[in-house]
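Chemist: Here it is, the structure, as structure tokens.
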Amino acid sequence: MPQRGNWKNWFEFIFSCIGCLVGLGNIWRFPYLCYRNGGGAFLIPYFFFMVVCSLPMFLLEMSYAQYSNLGPGRVWICCPLFKGVWYGMIILTGIVSIYYNVIIAWTLYYLVMSFNSVLPWSTCDNYWNTVFCYHRSKVQVDVVNSSTFNASIEVGTGHYQNQFLVSPSNHSNEMHPTLFGGNGSNVTFMTHFKGKTSTEEFWEWKVLQLTPGIENIGIVRWELMLCLLVAWLAVFLSLIKGIKSSGKVMYVAATVPYVLLLVLLIRGATLPGAWDGFKYYIVPRWVELKSVTVWGDAAVQILYSTGIGWGGIATLASYNNFNNNIQRDALVLPIIDAVTSLFAGCVIFVNLGHMAYKTDVPIETVVSQGPGLAFMVYPEALSHLPIPQLWSVLFFLMLFTVGIDSQIVHVQTLTSALQDSFPKYMLKRTMSLTLVLCVTLFALGLGCVTQGGVYVLQIFDWYCASVSVMFLSLIECLVMAWVYGAKRLSNDIKMMIGKPIFPLWRIFWMFITPLTMVCGASI
């Protein structure tokens, strides 16, 4: 029977795992959650769940895969009754692979647009802008006294003097003229101007051409479709020769994001307001720890970020040599992931601090959630940097790189599952199998690059990235600890590394970790 192959050395495995772990969730999801849940206070439940969930589950997943030298699918022959858990992981990974590359396509679109002489999201003078558009750097509000205001704003291509009070934190498609205001020169009462920033309008009206709701899906955006095609081509070329080619690609793909993050951090730290952003990031609001939402967000984020329950880490570990020190790796890799999230948070918040300083807007009004954080707020923050085109290219190149890293592992998980299930037919046809998978997933992803595709993507992301992962991880832990047996798994690891593992691991697998995940799922 043809052999699956192995990593050439330990570094290929480590860099591939880093590529799997360090993804878009580290760049935009973690900083937002940290901001929303009390700054540094969020780090307490985050590191708690890392210790009691991430570390034990890392060792559990990697150990059974390395011991058997099989993909997670065939490993479940030890517990045939629960093989459905693996089917669930494969379905989950397949769905995530569909929409994850759509996010990469958005990143690629921004990367290409960053090469314009003027960043298109930094002005309101484009054909897609409405009369409600404004850019923060062009907003000027002068307070005359406690009851009288003079306001001057630039809206689209027109200029309106002393007519509107600008409220950048209020976004809707409404503009209300002065009420009770006399001639408008000295106005004693003015309603809020409710508009959209230039970055919001670029995202909604240029990139997405957004429809009102999911009931109106619209047509396929051909520019995004081309970006999606390029993203899938990059994945295919990285996996064209299976594990041998992907391991070499990861040497570059896993290190480039750190270089770019360091460049952005150094540059951002030299800008006015950077220290305020950093303090906002690390100073905790302890009262937030009373909220169950903080703990629930931390539990979901640690699973989302580390890839537990997806099958990707187990797939990579299945290509290890039998005697690889898996206990060491299970400690090192989650720590690398956590440090990367903290590092990315520093990069983001020092730049947001500069943005708040430049526009005289509180930091809490700058940050948004979900896809908007990366594709509305960050472009605006980058537009305030010197030589904004350069920094935009670097930033979106970094997002594209980390996205491709993670997507390579997702597709590798799918190909490994098929090769393990049908070794006689699939092991010799890696290129053809990868091509068929990439083409199929590309076609399935076309619904997410329509004008209403972002609604479809958000539904997939919520139900796949949080609810499903928590449930599958819990079942996996219970089956391996109680059905296969924590003692037997400990003996397997002892056989591989040549020494007994810490007794505490078994206690975590059997009691602490599943109980913690039950609590996390119920929040």
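Cβ atoms are placed via backbone N, Cα and C, with glycine included.
Annotation source TrEMBL lists transmembrane segment at 12-31, 43-64, 85-112, 219-237, 249-269, 298-319, 331-352, 390-411, 432-454, 460-484. Look at TrEMBL and you will find GLY19, VAL22, ASN26, SER305, ASP405, SER406 tagged as Na(+) binding site. Sequence annotations record features per position, and here TrEMBL assigns disulfide bond to CYS124-CYS133.
How buried are the listed features, and what sits near them?
Modeler: Following the DSSP three-state reduction, the secondary structure of ASP405 (Na(+) binding site) is helix.
Same-chain residues lying 6 or more positions outside the transmembrane segment (85-112) and placing a CB less than 8 Å from one of its CB atoms are 24, 72-73, 75-76, 207, 223-224, 227-228, 230-232, 235, 309-312, 371, 374-375, 379, 392-393, 396-397, 399-400, 403-404, 406-407, 410-411, 413-414, 417, 441-442, 444-445, 448-449, 453, 456-457, 460-461, 464-465, 468-469, 472, 475-476, 479.
For the recorded site, CYS133 (disulfide bond), the DSSP three-state label reads strand.
Remote same-chain residues near the transmembrane segment (390-411) are listed as 16, 18-24, 26-27, 93, 96-97, 100-101, 103-104, 107-108, 110-111, 114-115, 119, 231, 234-235, 238-239, 246, 249-250, 253-254, 256-257, 260-261, 263-264, 267, 307, 310, 312, 315-316, 374, 378-379, 382-383, 434, 437-438, 441 (criterion: CB distance under 8 Å, separation of at least six residues from the stretch ends).
Residues 53, 56-57, 60-61, 64, 78-79, 82, 85, 88-89, 92, 95-96, 98-99, 299-300, 303-304, 308-310, 448, 506, 509-510, 513-514, 517-518, 520-521 of the same chain lie 6+ residues outside the transmembrane segment (460-484) yet bring a C-beta within less than 8 angstroms of a C-beta in it.
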Chemist: Cβ within 8 angstroms of the Cβ centroid of GLY19, VAL22, ASN26, SER305, ASP405, SER406: which residues besides those meet this for the Na(+) site?
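Modeler: Neighbours within 8 Å of the Cβ centroid, excluding GLY19, VAL22, ASN26, SER305, ASP405, SER406: ILE18, CYS20, LEU21, GLY23, LEU24, GLY25, PRO257, ASP337, THR340, VAL402.
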Chemist: Between the stretches 12-31, 43-64, 219-237, 249-269, which wins on the count of C-beta pairs under 8 angstroms to the transmembrane segment (331-352)?
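Modeler: The stretch with the most contacts is 12-31.
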Chemist: Hey, what's the Cβ neighbour count for GLY19 (Na(+) binding site) at 10 Å?
Modeler: 29
Chemist: Might you list, by sequence position, any residue in that chain lying six or more from ASN26 (Na(+) binding site) with a Cβ less than 8 Å away from its Cβ?
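Modeler: Spatial neighbours, sequence-distant, of ASN26 (Na(+) binding site): SER305, ASP337, THR340, SER341, ALA344, VAL402.
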Chemist: Using DSSP and collapsing to three states, where does VAL22 (Na(+) binding site) fall: helix, strand or coil?
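Modeler: The residue in question, VAL22 (Na(+) binding site), is coil (DSSP, three-state).
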Chemist: Is the transmembrane segment (249-269) in contact with the transmembrane segment (43-64), using three or more Cβ pairs under 8 angstroms as the rule and ignoring pairs under 6 apart in sequence?
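Modeler: No, the transmembrane segment (43-64) does not contact the transmembrane segment (249-269).
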Chemist: Hey, which of 219-237, 249-269, 432-454 has the most Cβ-Cβ pairs under 8 Å against the transmembrane segment (12-31)?
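Modeler: Counting Cβ pairs under 8 Å, the winner is 249-269.
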